[in-house]
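These notes concern the structure reproduced below.
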Amino acid sequence: MTSPKGKPSPKRSAPAPATAALTPCAEERTEGATSSASASASSHISSSFDSPRDDTVVLTGYTAESEHSAHGYERLHDIILQGSDTDADSEDGRANEDDVILFPHAEELSNAAAGVGGDDDNGRVVRLGTTQHLDESDSSEDEPTLNRVGDIPLEWYKDEDHIGYDIEGKKLMKKERSALERLLEATDDPNAMRTIYDALHDEKKTLSNADLQLIFNLQRNRTTNPNYDMYSEVQEDTVVFDPLNHPLARSGGPSKKAFVPALHDMKVIAKMVRRLRKEEAERRLRPAKEEKEEEDQLLWDDSHVEMDTHTHFKYFNRIPKPKLPPPGTFESYRPPPEYLPSERAKQRQARLRTIDRKEHFLPQSFDALRHVPFYHHTIQDRYQRCLDLAFFPRAQRTRLVVDPDKLLPELPDPKDLRPYPEKLSFHYKGHTATVRSVSVSPNGQYLATGCDDHLVRVFEVQTGRLMKRYDMGAPVQQVEFCPSTSLNILAVAVEYSLVFIVPTFAAHTLVNDHTIRFLRAPGLSAGQREAAHALGAVDTLGGRAVTQTALDADETAHEATADLHDIEEREKRAEFVDASAKERNAGIVVKIAMHAKVKKFCFHIKGDYLCALCPKDHVKYRQTIMLQLSKRKVFCPFRKFSEVVTDCRFHPREPIFFLATTNSVRCYNLMAHRLQRRFKASGGVTTCLSIHPEGDNFLVGDTTSHTSWFDMDFSDKPYKRMRSHKGVVNALAFHPKTNAYPLFATGASDGQVHVFHGMVYDDYNKNALVVPVKILKHQRPVYAVAWHPTLAWLFTSTEDGVVTAWTE
C-alpha cells in the first residue's frame, strides 16, 4: 500500500474486511474493472449535485495545495456535509445521532464491507466512494513497487533526467512538464482538487472519498471504522448500593473537616520549608571544601611553630643575604700576562696605605694550584663580610613594571589630521645673510623677508618671482604686513626706526591712495611736509640718519638731567618723520624715530594701532611704545614697569594686550587700564609669543627648548609644556584660520620646525587636543615662521638665508 504522500508503507498482515473497507485505495492500478471504474469516476467528477450517481460522491472546492493542511480537510468536510443534506433528509431514520456519516451511502457501504448485506456481498470488499468490487486478496500491499531505488532521499535525483530504476535495472525517465502545462492540466482536470503527486513513481494519483474520510478521521484521532464501538466489551456494574445499609451512612460518617490540614500545621511546615531552602541556598554559595587526605606531619616543619606576630613576619619575610661575586681573572692563580703587575705598579702598591688599596694582593702566576700559598687576609675579609651583613640593613622593594606605551596618551593617527605642511615646494633665493623675519600679505599673494644684508625683498608666493627690493641701509629686524585688507602697509623695523612702505603692486590704486592719506600727518599741507622734510636733509632709505639725531638729542638730555629745561626732551617718546622725495619714489611714506633699537613690533587686527618694543632703552617705561597711525599719537602705557620685555601681542577680539617678559606673560585690559592676569612662564627666558585666533589660548617659547600652551580658562600655569626641540625656540605661530586648519608651528635653533595639530573645542568639558604631526628639517637654525592666511602652507627662514615654503 502507498501512503498519501507517495512513500511506500511498511508491510503488515492482511486486514479484516471491516478495516479493509476504509483503507485508501486510489493508488491501486489494476486491470479490468479498476481501470474502468477510475475512468468513469474521473469523467463525471465535475458534474453538479443535481443528478449524482447512486454510488458516486462528487467533491468540489478542494485544491491540491491544501491537502496537507487541517484547513483544507475542514473545508472538504463542509463540502461533503453540504452534498449529503438532501439525501440525509430522505432516509428513514436508520442513522443515529451517535453515528458519524459524512457522505451518502457511507453506512450502506460499511455494512456491506462488514458482511451485513445480501448473499452476493459475502466474501467481497467494497471500497468506499466507488462501485469497484475486488477480491479480498487484491490489496495495495501486494502491488509491487515499480521504483527499486530503496529508502533513500529522492532529492538525490533532482538534477538527473530519471527518478530511479525498475526491477530490471532500467531507468525510469522523468515526465518533463513545464509550469504552463501543469497549470493547464490542473485547470482542465476535474480531479485536480483531490489529486496528489507520487514522487517515488513520478505520477499523479487521485484520492477517493474513502481515502479522504480516512484522513479526516485520523487527523481528529478517530477510528477508521465509523461503526466501531470501543465500549462494547465494557461490563456494566449490576451491584445496587443501598446507602441506608452502609456502615458510614448509618453513623453519619467522619466529618470532612477531619481530612483538611490544620492551619497551625501548615504554618509550621511552611517555616520548615523556608529554613530548608535558606540552608540550601547558603550551601550553594559556600565554596566546596575539598576533603584533604590525612598526611604525615613533618617533624621539622617550621610552619606549625607558634610564634608572635613580629617574629612570624621577620621569619617568613626574611631577605636572603647578598652573595659574594665570583672570583675574576684578577684573582686567578695563573692570570694572563697583561694582568701581572710591573715593578712600577708593585712599588706604587707598596707606597699606598692599607685603607687606600683596592685589593690586598697583587696577581701572581703559579704553575699549579698546590703551589698557591695561604691567603693572609682571609680572617680580615671574613670579618669585614660579617660587619657588612650585620650593620647594613636589607630592604625588599617591589619593582614596578610599567609598559611605557601605556603611559602615553591615546592620540589620533597624524594621517587622519591632514592637511598640514609636509613637503618642500618653494625656495625663495637671493638672500646673502640671515633672514630674521618673514611675513605674508593678507591675501596670501606676496611674501616679504627681512635680511641682515639691509634689504627687504617682496616675492610672489606662487611663482617665487622677486617683485620689489628695498634697501634699508641697516640690518632688518622684522617685517610685517598690516593685517587689515583695507590698508596696504608693509612695516619694517630697522635699528632705531620703524619704516612704513606702501608696495603699490600689492593692491589696487584706490587702496594705495587711501593708505597714503591714512599715513600722512593730520592738519599739515603738502608744502609744510616738504619743508619739514627738507630740514632733515636725509637721502638714505634707512632710518639710521633720522633716528641718530633723535638718539643724540635724547642722550644729551639725559647727560644734563639736572637742567629743568631738558625734562620735555627726556619725556619725548617717539617722533613721526615724513619720507623724502627719493624715499617716496621707492614707496616709503613715513618713518617713526625711536630712542633705542626696535627689536619687535606687532599690529592690531584693525591696523590702526601698533606696539613697538625697545628692550635696551635705558628709560624703562619707554621699552613698550604704542602708536596710533591715523592720528600719529605716541604713548607709553606702562609708567612703572621695570622688567625686560621680549614680545607683545594684541588680543584678536577684545581690548586686551599681552606683554611677555623674561619670566612671565602679563595680560592688560586696555579699557580698564589695569593688569588683568599674570601667567607664570616656568623655565628659562621667554623668547616669543603667539595668540590663538579665538583668544583663549596662547603659546610661549623659551630658551630651555620648551613650548608652553596656556589656557586662560584653565589656570595661570601652563596647560601643556612640550619639549620637542633641542635648542632655543626662536619663533612660533598659530594658523590664522584655525577653524579650517587647527595648526601651529615652532622653529628653534636646532634647525627643526615642528608642526602640531592644536584643536580647541567650544565645549568647556573638553581640553585642547595637541598632536605632533610633522617635523620639517633645516641645516641651520630657524629664525622665523609664518602661515599662509588661507592655505595650510608654512614659510620658514634660517640663519644661512634660506627661505622656504612647505605645502600640504
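Along the chain as shown, residues are numbered 1 onward.
Yeah, the Cβs are placed from backbone N, Cα and C, and that goes for glycine too.
Listed in Swiss-Prot for this protein:
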type	residues	note
REGION	1-55	region 'Disordered'
COMPBIAS	1-25	compositional bias 'Low complexity'
COMPBIAS	33-50	compositional bias 'Low complexity'
REPEAT	430-469	repeat 'WD 1'
REPEAT	640-680	repeat 'WD 2'
REPEAT	682-720	repeat 'WD 3'
REPEAT	724-766	repeat 'WD 4'
REPEAT	777-808	repeat 'WD 5'
Segment-level pLDDT (mean, integer) for the repeat 'WD 3' (682-720): 92
Are there three or more C-beta pairs under 8 angstroms joining the repeat 'WD 5' (777-808) and the repeat 'WD 1' (430-469), sequence spacing 6 or more? yes
Beyond the flanks of the repeat 'WD 5' (777-808) by 6 or more, those residues with Cβ under 8 Å of it: 418-428, 431-440, 442-444, 447, 449, 451, 459, 461, 727, 730-737, 741, 743, 745-753, 755
Would you mind listing the long-range same-chain contacts of the repeat 'WD 3' (682-720), meaning Cβ under 8 Å and 6+ residues beyond its ends? 646-654, 656, 658, 660-665, 667, 726-738, 744, 746, 748, 750, 758, 760, 764, 767-768, 770
Positions on the same chain near the repeat 'WD 4' (724-766), where near means CB under 8 A and six or more residues out: 414, 417, 419-422, 687-688, 690-694, 696-697, 699, 701-703, 705-707, 709, 713, 772-787, 789-790, 792, 794, 796, 798, 806
